[in-house]
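Notes to accompany the following structure.
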Amino acid sequence: MIETTSQTQGLTPTSSPRAHQSAVRALILAIACWVLSTPLTTVAGSAAAFSGCLLACLWLDRQTAQARIFHLRSPLIVFMIVVAVAISASIAGWMTSTSMIARTLGAMTSYQAGQIVFWLLLAAGIGLTLRLLARRHSWGSIPELLFVASAFVITLAAHQRGMIDRPYFIGDFALIRGIDPSSILMAIGVVAVLALAVLLMMENNHKRLPYHFSVLAVLCFSLLAYVQFFGMPTPSLTDDLGLTGQSAAGGGSQSDNPFRDGENDASDREAPVAIVLFRDDYEPDSGAYYFRESAYSQFNGTLLWTAEGDSLDQDLVSDFPSSAIEVSDQIPAQDKRRRVTTTIGLLTPHRSPFGLDAPVRFERAPNPNSLRFRQTYTVESLVPEFSFADLIGRQAGSPDWTVGQWTEYLEMPDDPRYGDFARELISGLRAEFADDPYAKALAVKEWLDTNGIYSLANEHAYATDPAASFLFGDMTGYCIHFAYAATYLYRSLGIPARVGIGYSVPSANRAGGSALLIQAVHGHAWPEIYLQGLGWVIVDPTPARTLVDMSTDPQDSLQQMLADMLRDDAAFEAFLRDQGGDSNWSLAGLVRTAVAMMAALLLAAYLIRIYRVLAPNWASSQQQYRLQYRAVLDSLAAFGMTRRRGESREAFARRLAPTLPAFSELTQRHLSVTPGYGVSPSGAWQLAASQAGDGSGSEKRHWRQQRKHLQRQLAQSQTRWRRSIALLHPVPWLASR
């Protein structure tokens, strides 16, 4: 038997929902289908998804509990829906792959038709399944809530990790019209929360409403509290290098070992971490901008780590500036350097400020958008413009260093393999360069470039010396392995060296503009050597072979958007106007409009409720029986007490009589003077007035007394939670009848 009554399954389908509730619920589910389909199909396909879900929900809600569909088992219905969706997918594929249809309708028309067929039936199947579960099971409303929430979350997932111009269908729509995409995303978030709230308010079991709203409120406020106190998650790629995080001190395993083999997650490599504004034009000869944040220079017995004390790395700044910080006296060869000023806006928490190559001055900068930027500061840097002749022939180290400083910058693991291998690498140098520190460093770099393999997946971190495991093993690793190995090789040759930590961004990413976006993928570690009279010089190995694609697509629109935000609000407004052409939209205009519309609707709902409560006070005597009873029904509807479909007024009163006997009296009084209930229509109000005593004043007083009696009974029979919800309910008049 493929048919069975719902009773054989222990299921009793609920009666058909009220028309207005059915329409609202169908509209919300249809909007969720539209949101979910928008990034996946064409405009026509999204419209079909909206229409299919809406029509399916409305059709099912019009069916009574005795309808044939409710006599089929749920698995069978779901199977039929899946088959229908599969058939629609086949039809859509057939329409786009058949040359005859393409020639007849045109390629684009046949594709659009296929999308319409597929999304229409898919959304209809989703709507039917959700509403069928809601009608058959007490827990059936939960899948609806999860579907609506998931539709918004999945669609907006591309926005995570700071990509404020994504998803692209929102970002492109906003920027073309001169709107901040964040405004649209905020508006969508508001709509999502309102949709969930409306679905909760239509819950049949009103006793569970306080619980549902409490859970929703706790979830929302918990998320806000988490972001407020802990901030948004920072990219793992930069966390592992010690760049991003809450403090420089760090903790846990991160403070013990910078090697994170097997734990590297490149999924957030596109996450923006900072935006840099160039106040002076500068393009490096190396093809990459190096922004140094810190350095690993002191050997702790196991590996290199950040120096303790003030004797090392005096050119670095560990704290963000509250006032101007000068370090220019630590930078030599200033006549061979160029002063470049940049303003940096941090999008994620960083442990220390960073600057271009050799920063000499840090100063706090005004933050034009504290919701977007965690820190803003201005950096003056002395960037090198060294020629090859400037680098060759220099001695290593500084004559001003103490013995302790020399020792610290040359200390390394007690492994003779480093020295033996380094001497082997430089053995082929020409005689005139045999003792040249820079030539030796280039020889080491060239060998690492040729023989190293870039990969995030390796096991060197678990060795006693990860750098040795890499260098004398499979030569497979990422920047931290190359930097440590090169630094140890340089030190074994008597060249003071350290590992620089920061960002390396291709100069081509500026795309001719004055802004540069720094992303998580640009987090980098590199070796530096100290040459007398020049200071720290970057000699960075670049492996020719790679096993992982760490490239990212250009983010020109995001780069420009963040840059104009950092400049100031006026510049950002100008950027939006340029993007929007003649558009009259202003910054955050969509959010303000949406909020204003929702506030207006809410105000109108409350005004209607107040009017219906107060209307009997100025109505004539012949209208009292109708308006007073209507106000009573509104009060009951606020508590979820409404007439069932097909239930008479007398039966409704009898159902509530055990807890609200006053309502029975009010109903009897109302019906006694209602035309068509055994009293002449023309004489109904005169009869009521004569029974009341002395005219309209007594009539109104009698109704008010009975309503007060009913209110006292409601206060006694209902919990404080339900009374609070009833007081705040804006539209009980939609449910009363």
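Any Cβ shown, glycine's included, is placed from N, Cα and C.
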In TrEMBL, which of 72-96, 472-496 is tagged transmembrane segment?
72-96
If TrEMBL is the reference, give me the range from 243-267, 693-717 marked as region 'Disordered'.
243-267
Stated TrEMBL location of transmembrane segment, expressed as one of 145-164, 425-444:
145-164
Restricting to the domain 'Transglutaminase-like' (471-543), report the mean pLDDT as a whole number.
92
With DSSP as the reference, give the number of residues of the domain 'Transglutaminase-like' (471-543) in helix, strand and coil.
22 helix, 30 strand, 21 coil
